[in-house]
Amino acid sequence: MKVFVFNGPNLGRLGKREPSVYGSTTHDDLAALCVQTGEELGVEVEVRQTDHEGEMVGWLHEAADGGHPVVLNAGAWTHYSIAVRDAAAQLSAPLIELHISNVHKREAFRHHSVLSDIATAVIAGLGVDGYPLALRWLAAHPG
Ligand code: DQA
């Protein structure tokens, strides 16, 4: 099984970006954590980050065509991108929507997600620890 972890805008700046909200782990550290978790689970994990919506849409098409599960932190797109939603809706394998912060404790505009009703599950507020948890669940439910 191959699992994609897709991170959207501003997540490449993890570690520098609002550390009181998102913590001190860098995106490189997060990617290494995901790959290492995959090795422990016997699952191939590929982590990508983009600030470009069209690139994310293309990656979701690739995951849909390959039948791969996705852990998706769509960042701000979560709250308004119908293009990302429509691409994610084409996945046949599980989709885990993930947020490092607890979006429901934050500004009202972060409370709505255009992804949650098409996601298999949502993880929010566990910091970067949410990623290995999502990968463990996917490995235990290969479909
Ligand atoms: C986020 C929460 C979003 O509201 C925000 O725009 C992000 C990151 C999170 O991981 O907590 O960029 O998805």
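Every residue gets a Cβ built from N, Cα and C, even glycine.
TrEMBL: automatically predicted annotations, no manual curation.
Some features that TrEMBL has for this protein:
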- R17: site 'Transition state stabilizer' (SITE)
- Y22: active site, proton acceptor (ACT_SITE)
- N73, H79, D86, I100, S101, R110: substrate binding site (BINDING)
- H99: active site, proton donor (ACT_SITE)
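Shown here: features listed in TrEMBL, placed on the structure.
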residue : record                             : contacts (Cβ under 8 Å, 6+ apart)
R17     : site 'Transition state stabilizer' : N10
Y22     : active site, proton acceptor       : L14, I100, S101, G127
N73     : substrate binding site             : V5, F6, N7, G8, L11, E97, L98, H99, I100
H79     : substrate binding site             : F109, R110, H112, S113, V114
D86     : substrate binding site             : none
Among R17, D86, I100, the recorded positions in the record, which have a C-beta under 6 A from ligand 1? I100
Which Cβ among the recorded positions (H99, R110) has the fewest C-beta neighbours inside 10 Å? R110
Have a look around I100 (substrate binding site) and count the other CB atoms within 10 A of its CB, chains all included. 24
Going by DSSP, give the three-state secondary structure for H99 (active site, proton donor). strand
CB contacts for S101 (substrate binding site) [other CB atoms within 10 A, all chains]: 17
Record lists N73, H79, D86, I100, S101, R110 as binding substrate; longest Cα-Cα distance in Å? 24
Simplified DSSP label at R17 (site 'Transition state stabilizer') comes out coil
Indicate whether N73 (substrate binding site) is helix, strand or coil by DSSP. strand
